[in-house]
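Data first, discussion second: the structure below is written as structure tokens.
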């Protein structure tokens, strides 16, 4: 039974009663802690060009608006699961930011110019509980990322445009109200993305640990990711943020090989990714595509397996029209010109799938073939993941009767593929189970 989106009034009020006090208690405590530290123990990271940022009193309005948006967000129409995940995002945002405030206390020393009227009243109210500390990552920006993404699907096209502009104004306001320095913004944005990623709104992207895909690749990615974190502490803050971004990307890939699998990419049924995963894994996708283009070039045309089934690389969907696409690539999104009859079944790269993943994948592929004239199956290069599923499908449909016969079939037809010993073991197991 599919749960419908609706306003969860009771749970919303309960979460609000927990979140509001938590925010003010922790945020105020961190501010007070930094205020009691000797001045030499509280740093400030500011670029010379920031002195040209104007003080715009009116931007206190979008700055303050986040408080109202924070509370109302708990009463948006959504499933109980999505509401819980959203509330957990808000719940962890404050403690995570406060941890950084305590470990790396920073301040904003520029004096705010005097303002008058309603703007003065709003600034006075802000200064009633805020102090020029709690800088990086900006908790305001962390919350903005979380709120931006939760509200966005509830608007139509015009509403989304207006909402994006308002969120932009909120983001800019942390500078023009003299509350934060520039570096606090990317730090807050990255932190907000990580929180959104760790608490997906869809159950399909909820972490589920399974068999270890590849211990070697898992350890390699985690170690390299941690090395980026170490390097970040030795570099200027701007470079450090980029290194941390790359480190996080590789670290999560490592968790994928440790047993999370392709779910780490948060690929949706329509072939797109969640916003958080799109940004977080951009370094990985960029580097992997560069490596593939330089060192692991694929064949240039789709390989015709049967009259109805073609095998190839993800970019070959542009080669000709197919009635259906079966996509087992986890790291790249669906191309815009792909067939409307599209099935996404992501498998993680460079490792053999589990037997259960293979069984489900073969059945999905067979169903697609039964209902369409031509089907194009692809992964990134069309040589490993997709070739494995095709190989197993040939066994499933008894077009071949053994793994040995399958390899002969591929080689006789000069099909290009790359299956490791683990892939061969998997196919032998599949062959035994299917007989």
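Cβ coordinates come from backbone N, Cα and C, glycine included.
For the transmembrane segment (12-30), the residues of the chain that approach it from at least six positions outside its boundaries are 70-71, 74-75, 83, 87, 90-91, 94-95, 98, 101-102, 129, 133-134, 139, judged by C-beta separation under 8 angstroms. TrEMBL lists 12-30 (among others) with the feature transmembrane segment.
Annotation source TrEMBL lists transmembrane segment at 60-78 (among others).
If you look at the transmembrane segment (90-112), the same-chain residues 6 or more away from its ends with a CB under 8 A from one of its CBs are 15, 18-19, 22-23, 26-27, 29-30, 33-34, 37, 41-45, 55, 70, 73, 123, 132-139, 142-143, 146, 177-181, 188, 191-192, 195, 198-199. Residues or ranges marked as transmembrane segment by TrEMBL: 90-112 (among others).
Long-range contacts of the transmembrane segment (132-151) within the same chain: residues 27, 30-31, 34-35, 42, 45, 63, 66, 69-70, 73, 76, 86, 89-90, 93-94, 96-98, 100-101, 104-109, 163-164, 167, 170-171, 174, 179-181, 183-185, 187-193, 195-196, 201, 275-276, each at least 6 residues beyond the stretch ends and with a Cβ under 8 Å from a Cβ of the stretch. The transmembrane segment feature in TrEMBL is assigned to 132-151 (among others).
Under the heading transmembrane segment, TrEMBL lists 163-183 (among others). Same-chain neighbours of the transmembrane segment (163-183): 44-47, 50, 53-57, 59-60, 62-63, 65-66, 108, 110, 112, 123, 130, 135-136, 138, 140-141, 144, 147-148, 151-152, 155, 237-238, 241, counting only residues six or more beyond its ends whose CB sits under 8 Å from a CB of the stretch.
Here TrEMBL flags 189-206 (among others) as transmembrane segment. A Cβ distance under 8 Å defines the sequence-distant neighbours of the transmembrane segment (189-206), meaning residues of its chain 6+ beyond its ends; these are 78, 81-82, 85-86, 88-89, 92-93, 96-97, 137, 141-146, 149-150, 241, 244-245, 248, 252, 263, 266, 268-269, 274-277, 279-280.
Under the heading transmembrane segment, TrEMBL lists 218-239 (among others). Remote same-chain partners of the transmembrane segment (218-239), defined as residues 6 or more beyond its termini with a Cβ less than 8 Å from a stretch Cβ, comprise 45, 183, 212, 246-258.
Per TrEMBL, transmembrane segment is recorded for 245-265 (among others).
Annotation source TrEMBL lists transmembrane segment at 272-288 (among others). Proximity of distant same-chain residues to the transmembrane segment (272-288), defined by a Cβ-Cβ separation under 8 Å and at least 6 residues beyond the stretch ends, is recorded for 149, 193-194, 196-197, 200, 202, 205, 245-246, 248-250, 252-253, 264-266, 331-334, 349, 380.
What TrEMBL lists as domain 'Tyrosine specific protein phosphatases' is 356-425.
Sequence-distant contacts of the transmembrane segment (60-78) (same chain, six or more residues past either end, CB-CB distance under 8 Å): 5-9, 11-13, 15-16, 19-20, 86-87, 90, 119, 122-123, 126, 140, 143-144, 147, 150-151, 154, 166, 169-170, 172-174, 177, 179, 201. The DSSP breakdown of the domain 'Tyrosine specific protein phosphatases' (356-425) into helical (H, G, I), extended (E, B) and coil residues amounts to 42 helix, 5 strand, 23 coil.
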